[in-house]
Amino acid sequence: MANSLYQKHIISIPELSREELELIVETAGNLKKEPRPELIKNKVVASCFFEPSTRTRLSFETAIQRIGGDVIGFDNDGNTSLAKKGETLSDSVQVISSYVDAFVMRHPQEGAARLASEFSNGVPVINAGDGANQHPTQTLLDLYTIAETQGRLDNLNVAFVGDLKYGRTVHSLTQALAKFNNIRFYFVAPDALAMPEYICEELDEAGIEYSLHTEMEAVIPELDILYMTRVQKERFDESEYAHIKSAYILTAALLKGARENLKVLHPLPRVDEITTDVDKTPHAYYFQQAQNGVYARQALLALVLNETL
């Protein structure tokens with residue numbers, strides 16, 4: 001099938017249409033059921049991580065190799081000429097892009113992926129995270145996981161819990177789900193970490209229902225998806241952190257009134273916001289969610305590098 005993602009830069013979720021998101025989700029499901037180990041045979045993909053990463057880098061590199069591609073690159077730029085010789089990001093991108101067919105990049109600077117796309121000489125750039133800005137491939141694996149567990153991406157009640165102010169994963173996933181029909185959001189956070197105003201304004205403009213909460217227990221029975229995030233200790237003094245942290249810990253006991261189909265997701269790593277007794281419940285799905293990153297990234301790479309599949 002022809003696809004509009006061929007040779008497209010993947011920089012942010014708002015730039016992807018509902019149809020493109022559905023195509024990625026469908027392709028990920030197909031690749032999970034039936035591996036295709038030669039989809040990007042003879043293609044070379046750069047995996048350039050200018051800040052440390054574990055899950056995203058390993059997931060991407062596994063995805064590349066499992067569909068037949070070769071990978072070059074680095075993790076943490078401390079030993080590269082960019083760091084040691086003062087080379088600009090734009091120069092690095094121009095050189096590296098001349099070696100490869102696609103360019104996967106994580107960078108601590110917001111907007112770095114967009115900048116890279118302007119200097120990649122037409123080689124598609126895939127944003128693996130640029131500061132607190134966007135992390136689109138995390139959103140793609142989240143969407144695939146939701147579709148896999150619920151059988152749909154329309155008609156869902158979804159709660160985000162914890163750090164909604166700084167968590168780029170919840171911003172991107174909210175924007176993605178807003179493209180679907182009859183989605184209701186529950187934003188559960190302390191006032192200091194509430195969902196940014198611009199996200200709420202986007203939902204208001206689109207006529208999408210959402211509600212703000214400071215406690216999660218009351219909303220759990222309403223949910224299809226409960227998306228937990230880590231409250232970042234470094235943003236609070238010790239006493240304030242201890243109070244906030246204790247209000248946003250999910251236990252198995254809190255899930256007793258949950259719908260049978262509820263799945264608990266988390267972008268990982270978790271610290272103590274989900275207790276280990278939740279792992280044994282049928283609602284826990286965060287480790288399978290992480291595994292799905294390989295399939296979602298396989299699908300994205302295959303679609304970006306092939307005009308038809």
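Note that Cβ sites are derived from N, Cα and C of the backbone, with glycine treated the same way.
Keep in mind that what you see is a predicted model, and the values were worked out from it rather than measured.
Per Swiss-Prot, the feature carbamoyl phosphate binding site maps to Arg55, Thr56, Arg106, His135, Gln138, Leu268, Pro269; the stated evidence is sequence analysis. Secondary structure at Arg106 (carbamoyl phosphate binding site), as computed by DSSP, is strand. Arg106 (carbamoyl phosphate binding site) counts 25 other C-beta atoms within 10 Å of its own C-beta, drawing on all protein chains shown.
Counting every protein chain shown, the number of other Cβ atoms lying within 10 Å of the Cβ of Lys85 (L-aspartate binding site) is 7. For the recorded site, Lys85 (L-aspartate binding site), the DSSP three-state label reads coil. The L-aspartate binding site feature in Swiss-Prot is assigned to Lys85, Arg168, Arg230; the stated evidence is sequence analysis.
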Check your understanding: Taking the Cβ of Pro269 (carbamoyl phosphate binding site) as the centre, how many other Cβ atoms fall within a 10 Å radius?
Key -> 9
Point to revise | Packing count at Thr56 (carbamoyl phosphate binding site) (other Cβ atoms within 10 Å of its Cβ) | key: 21
Revision key, fill the gap. Long-range Cβ list for Arg230 (L-aspartate binding site), cut-off under 8 Å, min separation 6+ in sequence, same chain only, gives Gly162, Asp163, Pro269, Arg270, Val271, Glu273
Exercise for review: Could you tally the C-beta atoms, other than its own, that fall within 10 angstroms of the C-beta of Leu268 (carbamoyl phosphate binding site)?
Suggested key: 17
Practice item. Select one residue from Arg55, His135, Arg168: among these binding-site residues, choose the one with the most other Cβ atoms within 10 Å of its Cβ. Key: His135
Review point. Over all shown protein chains, what is the count of other CB atoms within 10 A of the CB belonging to Gln138 (carbamoyl phosphate binding site)?
Key: 24
Review point. In Å, rounded, how far does the Cα of Thr56 (carbamoyl phosphate binding site) sit from the Cα of Arg168 (L-aspartate binding site)?
Key: 14
